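Before any comments, here is the structure.
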């Protein structure tokens, strides 16, 4: 169970880093938002899901 928690935290950190870089780039590029809107929403949904997963796994470990 600890390995799953560590992998979920690692995935959350990687996803956060990717979103931290990609979202401002999408907003700054001309015509970037309309062409990459689905990618940003998918990344945000993945991030929210990982936050809940880390919270659930943390409550099971502690």
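Placement of Cβ uses the backbone N, Cα and C atoms for every residue, glycine included.
A quick note: this is a predicted structure, and the numbers were derived from the prediction, not measured.
As annotated by Swiss-Prot, transmembrane segment applies to 8-28 (among others). Sequence-remote contacts of a segment are chain residues at least 6 beyond its ends whose Cβ falls under 8 Å from one of its Cβ atoms, and for the transmembrane segment (8-28) they are 36, 39-40, 43-44, 46-47, 50-51, 53-54, 57.
Away from its own ends, the transmembrane segment (41-61) comes close to residues 1-2, 4-5, 8-9, 11-12, 15-16, 18-19, 22-23 of its chain (Cβ-Cβ under 8 Å, at least six residues beyond either end). Among the features that Swiss-Prot reports, transmembrane segment is placed at 41-61 (among others).
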